[in-house]
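Here is what TrEMBL records for this protein:
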type	residues	note
ACT_SITE	HIS100	active site, electrophile
ACT_SITE	GLU170	active site, proton acceptor
BINDING	ASN11, TRP12, LYS13, GLY176, SER214, GLY235, GLY236	substrate binding site
Amino acid sequence: MSDRRPLIAGNWKMNCLRDDGLALASGLASKLSGASERPECDILLCPPATLLADVVGVLGHCDIHAGGQDCHFDKSGAHTGDIAASMLADIGASHVILGHSERRADHGESSTIIRQKTIAAHNAGLTAVVCVGETEQERDLGAAIAVVCGQMDVSLPEDATAENTVIAYEPVWAIGTGRTAAVADVEEMHAAIRRKLKERFADGDAFRILYGGSVKPSNAAELLAVENVDGALVGGASLKVEDFWGIVSACK
Ligand SMILES: O=C(CO)COP(=O)(O)O
């Protein structure tokens, strides 16, 4: 057993208007306060930026963190539509997801940009949840591990530590498809990520490595039991209180 405390993170993506988002956050806060035992994991909610401040307010002092889904790499300035890491911290966020494959694909974000964003997040006192993952074509070509290790080499700055950085492995073909990676493949990839972290960082063994891609209550326990899987980054199933709580409860 490792002493890394699991992290279950919900990435709401571009979902939820105010009423639904606040109901979801308060539903989870009620689950936590009503739980007979404290869950064996940390919990993070990453709502759309429009709801972040309100979600922070709803969560109050309950032990659930809130985070952004992206930030700019600059501190401030002429970047219409963007959000600085310090702005997320300013409204009570503790984390920010960076380099999600949807941003890499939809916004052309390179690992070099993600590295700059990660530094900006650290400078603002945020924990960066840095996403990596291969496409189906890359996996079919046998290049999955090389692709993910290459993304890590560039995306992670020298100042990354287990405190300020979490890795999320999300195979692109498993996101929102209902297809999860085979346990053996998850185990192999997470071991490769761990090796990379240990090669580069003195505290590489302490970094949390999350798995993401069609995680649901029915498969969470199996995935969370895999060595070097230290939690989950959850999309669709994070939008329902019962489903997300089911995944939180699968942490043993
Ligand atoms: O992209 C994801 C989380 O960041 C995963 O999404 P799904 O859980 O909907 O597959």
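Backbone N, Cα and C define each Cβ position, glycine as well.
Remember, TrEMBL labels are computer predictions, not curated facts.
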Around HIS100 (active site, electrophile), which residues of its chain at least 6 apart sit with Cβ under 8 Å of its Cβ?
ASN11, GLN69, ASP70, CYS131, GLU170
Counting only residues outside ASN11, TRP12, LYS13, GLY176, SER214, GLY235, GLY236 in the same chain, those with C-beta within 8 angstroms of the substrate site's C-beta centroid are ASN15, ILE175, VAL234, ALA237, SER238, LEU239
When you tally the Cβ atoms that lie within 10 Å of each candidate's Cβ, which of the binding-site residues (ASN11, SER214) has the highest tally?
ASN11
Mind running the binding-site residues TRP12, LYS13, SER214, GLY236 against ligand 1 and keeping the ones whose CB falls under 6 Å of it?
SER214, GLY236
CB neighbours within 10 A of TRP12 (substrate binding site), counting all protein chains shown, number 22
How big is the substrate site in terms of the longest C-alpha to C-alpha distance among ASN11, TRP12, LYS13, GLY176, SER214, GLY235, GLY236, in angstrom?
14
